[in-house]
Amino acid sequence: MWGIRFTRSKLYAFSVFACAHLKEVHLKPTQYQNPISETAGTTTNPLNFCFSFQLSSFGTSNIDFPREPKVESFDENRDNDNDDGEDSDDFDGNSVNGLSLSHGVAPDVKKIVDLIHETGRNFLELKNKLELCDVRVSSELVVEVLSQVRHDWEAAFTFFLWAGKQPYYALSLREYHSMISILAKMRKFDTAWTLIDEMRGGRAGPCLVTPQTLLIMIRRYCAVHDVGRAINTFYAYKKFKFDVGIEEFHSLLSALCRYKNVQDAEHLMFCNKDVFPFNTKSFNIILNGWCNVIGSPREAERVWTEMSKRGVRYDVVSYASIMSCYSKSSNLNKVLKLFTQMKSRGIEPDRKVYNAVIHALAKARHVKEAINLLKVMEENGIAPNVVTYNSLIKPLCKAQKIDEARQVLDEMLQKDLNPTIQTYHAFFRILRTGEEVFELLNKMRKMGCQPTNDTYIMLIRKFSRCQFDNVFNLWNEMIENGVGPDRSSYIVLIHGLFLNGKLDEAYKYYMEMKEKQFLPEPKIDEMLQSWVSGKQFAELQVANLKNNQLLDNQLNNRNRVQSRKLDQEKDFLKEPETRRVVRERGFNTEIPLDTIRCMRFSISNNNPECLISL
C-alpha cells in the first residue's frame, strides 16, 4: 500500500475572528500562528511519526483543506438516543448545567439571561447594559450563563468578553472551555483558536491550555467531518509540549468514531501500526464505531474477523460491542451464540453484555426470559442500572405493551434508580395526544430530568404529522425553559411547516435561523428556493392575468360601443323614412314618407277615397 505523507499546510496567522456585529466589543488578538496550521521548521514530522494515507475516497486523502469545514447534513429520521449513555464522553464545558446553583448566583444568572433576551440581536446595546448592571461575576455564574445561551454564540461571546474585563475576576480553565466549546460547535473555529492562544498566557501568566482543550477542538472538527483539521489539531499536542502516546491516539480514534468518521479512524489506525501497535483497545474503538455508531453488522463482522487474523485477543468490551450490534438488528440467535462462546472462553460477562442480551430477548418478545436473565445478573453480583431497565422498557414500548413497561419502570423506581432521558423518550414515542405528552413533560421535570433539544425535536417531529397545533406550544415551552432552539430544532420545525403547507411561516423561521447564523441545511435551501421561485412566478402570472383582464375589459367595452353603433345603423336603415307635416288646425304629426307619396299619387289621380281615409 503506497501513500503520501500527511504534512501540515502552510497557513499564516489570522486575526479576524468575530462577526461584524462585535466590532465594538471584540477581543484584540495578538498576531500569532495557528498551532494546527503553522509551518514546520524542518521537513521532519514534529511528532516523529508519519500519518500516511492511501489515495482513496477518504476525506483524509486531501492535503489542502478547505477554509470552511463541511457541514453535517441533517437526517430528520435520525434517532438521537444513546443506548450506552453511561459511556458518553462528550465534553461541552458546561459542568454546571443541570445542577443546583448557589442561593446568590441564581438571581444574577436570571438577570443576565433576561438582559440577553431583551436586547435581542443588538450586541452593542447588550454590552452597554452589562456595563451598567450590578451583577458580581463569578466562575459559577459565567459557566451557567454560557450554558443557558450556548445556542447564541454572539451573545455568549459578548458576555464572556465583558466578564473577562472585570477587575476583580479572572477567567479560569472551566470558563474558557465552555466558551471554546460554544464557538467550535457553531463553527467559529478561528475565534476559538484565538481564545486558546490567549490561554497560553505568554510571559505574563501561566499557560491554561491542557490536552482537554485540544480534545474539545478535535471533537468539534470530527462533528463537522473535517478529519484533516482534527488530525492537524492532534499534531498541536507537540506544539504545546504535551506527551503524545497511545492514550492520546485512542482519544483521536474515539472522537472520529463518535461522529461517524469510522472509516477514516480505521484507515488511520492501520496506517500508523508501526508507531502505535495494534492492541485490543484500538480495535474495540473501531468495532464499537461500526457496531453502535454506524450500526453495520457486516462491517462489524469484518473487523471481528480482522482481529482474529492479526492475533488481537477479544475481551469483554469486544463481545459487548458486537452483541449490542446484533441485538439492535434483532439477531437473537447470534447474540445467544456469542454469549455462550464468551463464557466457554472464560470471559465473564459484564453489565453491558447482560444489557445487550436482555435487550435482544425483550425485542424478540421473550419478556419472561429477559426478566429471568436480569435476576441471574443480580445473583452474579452485577447490579442492574438504568440502561438495563431501559433495555427492557424500550422494546416493550415499541411492542405497545405499555402496562408491562410501566411495571418495569415502577421496579426501577423502587430500586432508587431515576429514569433517564432515554426512558422518557421511550414513553413519548407511544403517547398519542398532546395532553398526555405535556403531562409526562411535567412529571419528567418533577423527577429532576430536564427535557433536552432531542426531546423537543422528537416531539415536534411527532406532532408535525398530526395535531400540528401542539408544535408551537412545544416551541414556546422550549424557548421559555432555555433549552434552545438550536439548528436542528429549526430544521425540524421548518420541515414540519412545509409538511403542513404553512410555507410563509416556514420562510419566516428560516430567515430567523439565518439571522442567528445557524448554517443552512441543503434540503431546506432547495425547498425554499423552489417555493420562492414558484411564488414569484405565480405572482407574475397573476399580475399578467390582471393586466390581460383589464385589456380584455377595455377591448370588450370598445367592441360593445362599436357593436351598438352598428346595430343602431342597421336598425335605422330598416325603419321607414318619415317627414313632419303641419296641419291647418295647429297640431302636427309624423307621417311616413310612403303614405305621403301615396297621397301625392292619389291627388294627382283625383282619387277621393285616399283623402277620406286620411
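Even glycines carry a Cβ here, placed using N, Cα and C.
As annotated by TrEMBL, compositional bias 'Basic and acidic residues' applies to 65-80.
Taken from TrEMBL, the feature compositional bias 'Acidic residues' applies to 81-91.
Taken from TrEMBL, the feature domain 'PROP1-like PPR' covers 302-461.
The region 'Disordered' annotation in TrEMBL covers 64-91.
The repeat 'PPR' (172-206): residue composition by secondary structure is 24 helix, 0 strand, 11 coil, according to DSSP. Taken from TrEMBL, the feature repeat 'PPR' applies to 172-206 (among others).
As annotated by TrEMBL, repeat 'PPR' applies to 279-314 (among others). When pLDDT is averaged over the repeat 'PPR' (279-314), the result is 95.
Residues or ranges marked as repeat 'PPR' in TrEMBL: 315-349 (among others).
If you look at the repeat 'PPR' (350-384), the same-chain residues 6 or more away from its ends with a CB under 8 A from one of its CBs are 83-84, 316-317, 319-320, 323-324, 326-328, 330-332, 335-336, 339, 342, 391-392, 394-396, 398-399, 401, 404, 415. Look at TrEMBL and you will find 350-384 (among others) tagged as repeat 'PPR'.
The repeat 'PPR' annotation in TrEMBL covers 385-419 (among others). Sequence-distant neighbours of the repeat 'PPR' (385-419) (same chain, 6+ residues past either end, Cβ-Cβ under 8 Å): 83-86, 351, 354-356, 358-359, 362-363, 365, 367, 370-371, 374, 377, 426-427, 429-430, 444, 447-449.
Taken residue by residue, the repeat 'PPR' (486-520) breaks down under DSSP into 26 helix, 0 strand, 9 coil. Sequence annotations record features per position, and here TrEMBL assigns repeat 'PPR' to 486-520 (among others).
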Leading stretch by Cβ pairs under 8 Å, where the reference is the repeat 'PPR' (486-520) and the options are 172-206, 279-314, 315-349: 172-206
Residues of the repeat 'PPR' (350-384) by DSSP state, where helix covers H, G and I: 26 helix, 0 strand, 9 coil
Positions whose Cβ lies under 8 angstroms from the repeat 'PPR' (279-314), at least six residues beyond its ends: 83-84, 246, 249-250, 253-254, 256-258, 260, 262, 265-266, 269, 321-322, 324-326, 328-329, 331, 342, 345, 347
Tally of residues which DSSP labels helix, strand or coil - the repeat 'PPR' (279-314): 28 helix, 0 strand, 8 coil
